[in-house]
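Asker: Before I ask anything, let me first share the structure, which is written out below as structure tokens.
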Amino acid sequence: MTKLTGGDSKSTLYCSFCGKSQHEVRKLIAGPTVFICDECVELCNDIIREETKGALVSKKDGGVPTPHEICEHLDQYVIGQAKAKRVLSVAVHNHYKRLNHGAKGADVELAKSNILLVGPTGSGKTLLAQTMARLLDVPFTMADATTLTEAGYVGEDVENIILKLLQASDYNVERAQRGIVYIDEIDKISRKADNPSITRDVSGEGVQQALLKLMEGTTASVPPQGGRKHPQQEFLQVDTTNILFICGGAFAGLEKIIGDRLQGKSIGFGAYVAAPEERRTGETLQQCEPEDLLKFGLIPEFVGRLPVIATLMDLDEAALVEILTAPKNALVKQYQKLFDMEGVKLGFTDDALVAIARKAITRKTGARGLRSILEGLLLDTMFDLPSMDGVDEIMVDKDVVEGRKDPVRVFTKKNKEKAGGDAA
């Protein structure tokens, strides 16, 4: 047992670790039968800080995931978009290397390269970010730009993005300062008017201005409990210099701006520029330049802080069919699992899958529209199935997708009686 008193005085207390008396230190903290002084507490903090500094990065020495490894992980869940995957894989790999490089105290400072993902709705921008989050061991958070407003107005401050990152890191400031932030719907904060002096744009240009220093690197004062700041509140200080920002948006209408620029450059009798209807949206977006983003409504300073631009293609019929069946979390597999819980098999013919993909293309909703189409096709069946007996299998073919009949129900009777689609 630790001695609580010295030999010279029964009232004098001593640190159980360094042996200094209460008169030699500023503070002596008492525990069950032990004491620790403020100097030993500070020493322990220094030891822990040094040991964890290298562990703040997800992988240890030599274990940084390669771009190929990151891309292979994305391939398991996201179909197509090879170029965007390469851009993201390299950016995240370099982010890991920057963290390792900084931890070693090298004299060369490596700057970060924030990323802008541009692509049609339903092309996989958000899914890429969500899939990336599963792989990463650094803190990762997603934010919605549509909820942000300029400081002093109703809505969320941009500092709330850093608060979400802190929450993802269990309020470990050191880890949060090395995290990754994905801001979705970034196109919704474009400038609302061509003339910036007409009125105060608190949810457009005002938010862009507020994000500038955050993305470049600043010390943000974050309220631990969230909400608006007030003078009596304590703040956490978070340095955003090493936080990687990835922004994504559909940028509806940007393809027209790009098309106008390309048509203006093509002159002469031999020049040919495909009409907008002849080009897919993704193909047009591939030729996006910073000047197009400026015309769209992003301010020059904001575009300058997103040096890497990755464009996503709109998904064609083959890609949508593959999305339905290939990924680990494919929609067809999900619905087959739901039906399997009822003891019923669910099958789709090849022409049914093609018809579903074509319907999604017609709706111009990309991969996001596939679930709503499947839900509509199977809603009545899922409603009736728990109350029915003897159903062995449900089959969906092209006629079902096109609305000419209901899904075919195969029963377990000897004659394999069919209902639903055969009723005519």
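Cβ from N, Cα, C; glycine included.
From Swiss-Prot, for reference:
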DOMAIN    3-56  domain 'ClpX-type ZB'
BINDING   CYS15, CYS18, CYS37, CYS40  Zn(2+) binding site
BINDING   PRO120, THR121, GLY122, SER123, GLY124, LYS125, THR126, LEU127  ATP binding site
Asker: Given the binding-site residues CYS15, CYS18, CYS37, CYS40, LEU127, which one's Cβ is surrounded by the fewest other Cβ atoms within 10 Å?
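Answerer: Counting other Cβ atoms within 10 Å of each of the binding-site residues CYS15, CYS18, CYS37, CYS40, LEU127, the minimum falls on CYS18.
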Asker: May I ask you to report the DSSP-based helix, strand or coil state of CYS37 (Zn(2+) binding site)?
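Answerer: DSSP assigns CYS37 (Zn(2+) binding site) to strand.
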Asker: Quick one: among the binding-site residues THR121, SER123, THR126, which has the most Cβ atoms sitting within 10 Å of its own Cβ?
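Answerer: Per the Cβ count within 10 Å, the most buried is SER123.
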Asker: Across the whole of the domain 'ClpX-type ZB' (3-56), what does the mean pLDDT come to? Round it, please.
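Answerer: Averaged over the domain 'ClpX-type ZB' (3-56), the predicted model reaches a pLDDT of 77.
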Asker: Does DSSP put LYS125 (ATP binding site) in a helix, in a strand, or in coil?
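Answerer: Where LYS125 (ATP binding site) sits, the three-state DSSP reduction gives helix.
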Asker: Identify which of the binding-site residues GLY122, GLY124 has its Cβ surrounded by the largest number of other Cβ atoms within 10 Å, counting every protein chain shown.
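Answerer: Most Cβ neighbours within 10 Å: GLY124.
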Asker: When you rank THR121, GLY122, GLY124, LYS125 by Cα distance to CYS15 (Zn(2+) binding site), which of the binding-site residues ends up on top as the closest?
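Answerer: So, spelling it out, the nearest of the binding-site residues is LYS125.
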Asker: Around the ATP site formed by PRO120, THR121, GLY122, SER123, GLY124, LYS125, THR126, LEU127, which additional residues qualify by having Cβ within 8 Å of the site's Cβ center?
Answerer: GLY119, ALA250, LEU312, GLY366, ALA367, ARG368
Asker: Around LYS125 (ATP binding site), how many other C-beta atoms are within 10 angstroms of its C-beta?
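Answerer: For LYS125 (ATP binding site), the count of other Cβ atoms within 10 Å is 26.
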Asker: Whole-number Å distance between the CA of THR121 (ATP binding site) and the CA of CYS40 (Zn(2+) binding site)?
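Answerer: Spelling it out, the Cα of THR121 (ATP binding site) and the Cα of CYS40 (Zn(2+) binding site) are 57 Å apart.
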Asker: Using only C-alpha positions, which one of PRO120, SER123, GLY124, LYS125, THR126 is spatially nearest CYS18 (Zn(2+) binding site)? These are the binding-site residues in the record.
Answerer: THR126
Asker: Which ones in the same chain are close to PRO120 (ATP binding site), with CB under 8 Å and 6+ residues apart in sequence?
Answerer: ALA250, THR281, GLY282, LEU285, LEU312, ASP314, GLY366
